[in-house]
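Asker: Below is a structure I'd like to ask you about.
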C-alpha cells in the first residue's frame, strides 16, 4: 500500500526519534572518577586528614620498631602489598585467612608471617586511637612504604581510602601473578600493562628485589644452566641444600640501585630479573637506573603511587574485627565466599 508524502515524513521522524533515544550523548554521560572506590569515597594521600590524622605516625613507629628487630620485615611488607594489589587491586584480599584464602596458592608461599602480624597490630592500634575508620588495605600500603624508608629508600606518596574486600580474590586470578621463575619481559609487560603500568614502572617495581632473598625453588630452572660463574655458584649451592637462600643483590638490607648494577654484571638471581637485562625494551631503563639511583627512586615512587590506586571492583568495607577476616565472620575458619558472581568482591559497600 502506498504511503502519502506527509505520512512518510511523519513515519521517518518517529523512527529517527526512537533511534536517537538510544544514542548515548556525551553531554549526559558522566564518566566514573577513577579514584572513586565507592560513592563519595575518593582516593587521596590526605584521606585520613580529619578522621585519623595521626595514622602515618602510628604506622611509621610500628614499622621502625619491628624493623629494628628483624630487617627482613621490610621486604615482607613490600611483597604482601604488591601481591595484594596486582591481583584485583589494593583491597587486602590477600590478608584473608580460611576457606579460599589466596595465601594457599604457590605464588604466595612464604609470605612473611611477622609482616602479616605487624599489619594486624597496626590495624588494632589505629582502631584504638581513631575508631573503625582505617582500612587494612591502606595500612598495608603505608606499612610497605615505611619499610622502604627504613631501608634507605625514598619517601613516596600513596593514595588512601581503599576499602577492604569481603572475600578473597578468585584463585584463578591470584594464580595469574607473574612467577619469578618463568617470566620473560614480554610476559611481564603483558600482565602489568593491563593495569596501565609503563615500561619504566615495570622495571622500577622489579627494583623492589633490591631487598631480601629467595630460596632455590624460586630459581630452580637455573640449576643446570651454568652459563657463567655466578650461575654455577648458585647452582652448586642449591644442589647441596635446596632450602638455601640467596640475596637478590649485593646489599639485601638496603634499598638502593645495586640490583640494577648486578643485572648488568650478569648477577640476576631470578629469571624475571635476568630478563630485564636481556630485552631491548627494558635494558636502557636498567642501564639508567644503574647509573642514577635518584632516577630509580623517582620512578619507583611514581609506580608505587599508581599501584596504591588500583581497584578492579567497587565497594567493600573497613574491616573492624581483624584484617584476617571480613566483618561478617568471627573466626578465620568461618571465612566463606560472600559474592554470588565469583568476582571475589561485593558490588557495593
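In case you wondered, yes, glycine gets a Cβ from its N, Cα and C as well.
Just so you know, TrEMBL annotations are computer predictions that nobody has curated.
The feature disulfide bond is assigned by TrEMBL to 52-130, 85-90, 136-323, 216-238. Marked as site 'Transition state stabilizer' by TrEMBL: 79. For 83, the entry in TrEMBL reads active site, proton acceptor. For 84, 89, 91, 93, 102, the entry in TrEMBL reads Ca(2+) 1 binding site. Per TrEMBL, substrate binding site is recorded for 178. For 209, the entry in TrEMBL reads heme b binding site. Marked as Ca(2+) 2 binding site by TrEMBL: 210, 249, 251, 256. Taken from TrEMBL, the feature region 'Disordered' applies to 329-349.
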Asker: To the nearest whole angstrom, what is the C-alpha distance linking residue 90 (disulfide bond) and residue 323 (disulfide bond)?
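Answerer: Residue 90 (disulfide bond) and residue 323 (disulfide bond) have their Cα atoms 13 Å apart.
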Asker: Which residue, of the binding-site residues 102, 256, has its CB surrounded by the fewest other CB atoms within 10 A?
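Answerer: Checked 102, 256; of these binding-site residues, fewest Cβ neighbours within 10 Å: 256.
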Asker: With residue 93 (Ca(2+) 1 binding site) as the reference Cα, tell me which of the recorded positions 79, 249, 251, 323 is the closest one.
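Answerer: Sorting the recorded positions by distance from residue 93 (Ca(2+) 1 binding site), the top entry is 323.
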Asker: Which has the fewest other CB atoms in a 10 Å radius around its CB: 79, 83, 209, the listed recorded positions?
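Answerer: Per-residue Cβ counts within 10 Å for the recorded positions 79, 83, 209 bottom out at 83.
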Asker: What does the structure give for the C-alpha distance between residue 85 (disulfide bond) and residue 251 (Ca(2+) 2 binding site)? Integer Å is fine.
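Answerer: About 26 Å separate the Cα atoms of these two residues.
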Asker: In whole Å, how far is the residue listed as 'heme b binding site' from residue 256 (Ca(2+) 2 binding site) when you measure between their Cα atoms?
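Answerer: With distance taken Cα to Cα, the residue listed as 'heme b binding site' is 10 Å from residue 256 (Ca(2+) 2 binding site).
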Asker: To the nearest whole angstrom, what is the C-alpha distance linking residue 136 (disulfide bond) and residue 251 (Ca(2+) 2 binding site)?
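Answerer: It is 30 Å, counting Cα to Cα.
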